[in-house]
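As recorded in Swiss-Prot, the features of this protein are as follows:
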- LYS61, ARG64, HIS93, ARG110: isopentenyl diphosphate binding site (BINDING)
- ASP100, ASP104: Mg(2+) 1 binding site (BINDING)
- ASP100, ASP104: Mg(2+) 2 binding site (BINDING)
- ARG109, LYS187, THR188, GLN221, ASN228, LYS238, LYS248: dimethylallyl diphosphate binding site (BINDING)
- ASP224: Mg(2+) 3 binding site (BINDING)
Amino acid sequence: MDQLPAAELTNFISPSGPESRPVFHSICGIHDTANVQQKQTLDQNKVISAPLDYLLSFPGKDIRGQLISSFNEWLQIPEEKLSLIKRVVELLHTASLLIDDIQDSSQLRRGLPVAHNIFGVAQTINSANYAYFKAQSELHKIGDPRAVEIFTEELLRLHKGQGMDLYWRDSLTCPTEEEYLEMVSNKTGGLFRLAIKLMQLCSASEKDCVPLVEYLGIIFQIRDDYQNLQSEKYIENKGFGEDLTEGKFSFPIIHSIRSNSDSFQLINILKQKSEDTTVKLYAIKLLESTGSFEFCRQRIAQLTTQARSLLMEMGDPSQTAGIQGILAFLELK
């Protein structure tokens, strides 16, 4: 299914209607309350959703939407609930990007200025937080209280993972590979699991797709870390070597530091959070010297092979074309 239009998600998060304020209108000499209320509602909705609308107006790869459609080849949930889950996940993902860009001091998102540099930090945070709670309230339409339990569990895990990622960056603490992958499972895997668990809740199938989704989340993040420092397309969308400027301990950086006992140079480059291209190019040479990019490629290939084996164990290959396509996309060519 294609990316949901921004207008549809905007309508999705809009409040149901304004509260009547007859006393206020009387004091102000306003008599046509219907028109005033309509204008007020439109203005409020526009203000609240503006940062979200901005980011939704130039959509990304929609890997989560594709993942939901692919797993529905197995789970076969009703179209109405499938659309609801897609909208909720897209809304949560967009809100999380707004917050991430603030926490990471990013300048670009999908090749354009980040939302908080246009609407301000405070308004962007409020818009993202509103979207989180609106998405939660919409889950009641599924008609099963476990939907909100799943939402709460995965949003807690997502923020736990984000908290560790920020802690390592801000305290200049290099995690182990195991610690990093646990963080990725919590953070990146959160919305992947949320989508699939909600789908399983709405499905007559007893198939458990969560273990496979765990693989996809980890592969996705390692690939993203690799692309951040190697992909020309990524440079267009996010800027050159953004993880180095952010001071982030990404997968290749962790490998380089832990495979080289004399790693003071790379750690100090992270500490500087430099925007200097020459410094970042030097850091990339350090990563190349420790074979860290090759290690990423090997790890992705290994995890992809394991994911495909699990996929074959789970059922009819004729129902796995969509998931196979996602795995092919995630592979580094």
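Every residue, even glycine, has its Cβ placed from backbone N, Cα and C.
What Swiss-Prot annotates, mapped onto the structure for a quick look.
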residue : record                                 : DSSP class
HIS93   : isopentenyl diphosphate binding site   : helix
ASP100  : Mg(2+) 1 binding site                  : helix
ARG109  : dimethylallyl diphosphate binding site : strand
LYS187  : dimethylallyl diphosphate binding site : helix
ASP224  : Mg(2+) 3 binding site                  : helix
LYS238  : dimethylallyl diphosphate binding site : helix
LYS248  : dimethylallyl diphosphate binding site : coil
Under DSSP, is LYS61 (isopentenyl diphosphate binding site) part of a helix or a strand, or is it coil?
coil
Let me make sure I understand the structure: which of the binding-site residues listed (GLN221, ASN228) has the fewest other Cβ atoms within 10 A of its Cβ?
GLN221
Provide, as an integer number of angstrom, the distance between the C-alpha atoms of LYS238 (dimethylallyl diphosphate binding site) and ARG110 (isopentenyl diphosphate binding site).
6
Enumerate the residues of the same chain, LYS61, ARG64, HIS93, ARG110 excluded, that satisfy the criterion Cβ within 8 A of the mean position of the Cβ atoms of the recorded isopentenyl diphosphate site; list them in sequence order.
PRO59, GLY60, ASP62, ILE63, GLU90, THR94, LEU97
Would you list, in sequence order, the binding-site residues among ARG64, HIS93, THR188, GLN221, ASP224 whose CA lies within 10 Å of the CA of ASP104 (Mg(2+) 1 binding site)?
none
Between the Cα atoms of ASP224 (Mg(2+) 3 binding site) and ASP100 (Mg(2+) 1 binding site), what distance do you get, rounded to the nearest Å?
15
Extent of the isopentenyl diphosphate binding site in Å [max Cα distance among LYS61, ARG64, HIS93, ARG110]
16
Cα distance (Å, whole number) from LYS248 (dimethylallyl diphosphate binding site) to LYS61 (isopentenyl diphosphate binding site):
23
If I take the alpha carbons of THR188 (dimethylallyl diphosphate binding site) and ASP100 (Mg(2+) 1 binding site), what is the distance between them in whole Å?
12
Please report how many Å separate the Cα atom of LYS187 (dimethylallyl diphosphate binding site) from that of ASP100 (Mg(2+) 1 binding site), as a whole number.
11
